[in-house]
Amino acid sequence: MKIAIIGTGNLGKSIAKGLITTNAITTLYLSKRNTDSIAEFEGYKNVFITSDNGEAVKNSDILILAVQPAHLEHVLQDIAGLITEKHVVISTVTGFLIPKIEEIIGPDQFIIRAMPNTAIAVGKSMTCICSNTLGAKRIKIAQAIFNRLGHSLVIPESQMQAATVICASGIAFWMRLIRASTQAAIQLGFDAKEAQELAMYTSEGAANLLIANGHHPEEEIDRVTTPQGCTIEGLNEMEHKGLSSSLIHGMIASYNKISNIKKEQL
């Protein structure tokens, strides 16, 4: 794949590293105004560094846009005349909808939006993907890219805001749960390093059980709980204190906030 990434900040660099590590490229162009910050990529075979977005577009078939939201419109206007029928345009920019992209570069382009999360830096992102009508014909290309960097799911664009809360903000929610487990382990006698290790790898194991077995969480809970046991005692205490309802209400509050921000921008 001949790929160009325009905007090589933290997200763009994480995508680049994942593509290089998994040998997913024929050529890779990385474009950024200040190329000093991406000098670490200069030694890689078939990776080219440039400050010229036009050069990156001309030498690619797949164009990944990873700029700041405030810069995307200007970037699209600058490169619109260089985008051809061969290009697949993938935007990772939050809140910039496909109809707006179509207004700038035209509806007759393969346009895809992808919403990764910060776990893309370690190849474990949950990335949600949507497209315009034409882009649906190339959406498997986007899936192939982001499946190398974690897992992907194709959804309608109308669900992208909800996906932002569940997957992108969700990283912070899960971090808070891991932190709480760490604090409990410290209170129960483990030192801080041991406590975090216990919390991290237990949460990883729980997720992997669901991924590997395809079970509902309650099925795995039933495997752990016993009548009058310590696990059900702890679970019931957590539910009495509102664990599940707090998580649900927190996610809905985040969704309402992002929806209000979007309305203010209209």
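For all residues, glycine too, the Cβ spot is worked out from N, Cα and C.
What TrEMBL records for 2-94 is domain 'Pyrroline-5-carboxylate reductase catalytic N-terminal'. This prediction places the mean pLDDT of the domain 'Pyrroline-5-carboxylate reductase catalytic N-terminal' (2-94) at 94.
When secondary structure is read from DSSP and collapsed to three states, Thr8 (NADP(+) binding site) falls in the coil class. Take the CB of Thr8 (NADP(+) binding site) and look out to 10 A: across all protein chains shown you find 25 other CB atoms. The NADP(+) binding site annotation in TrEMBL covers Ile6, Gly7, Thr8, Gly9, Asn10, Leu11, Ala66, Val67, Gln68, Pro69.
Spatially close to Asn53 (NADPH binding site) yet at least six residues away along the chain are Ile6, Ser31, Val75, Asp78, Ile79, judged by Cβ distances under 8 angstroms. Feature annotation from TrEMBL assigns NADPH binding site to Asn53.
Annotation source TrEMBL lists domain 'Pyrroline-5-carboxylate reductase dimerisation' at 157-259.
In sequence order, Gly12, Leu65, His71, Thr92, Val93 are the same-chain residues whose CB sits within 8 A of the CB centroid of Ile6, Gly7, Thr8, Gly9, Asn10, Leu11, Ala66, Val67, Gln68, Pro69, the residues recorded for NADP(+) being left out.
For the NADP(+) site, whose annotated binding residues are Ile6, Gly7, Thr8, Gly9, Asn10, Leu11, Ala66, Val67, Gln68, Pro69, the maximal Cα to Cα separation is 14 Å.
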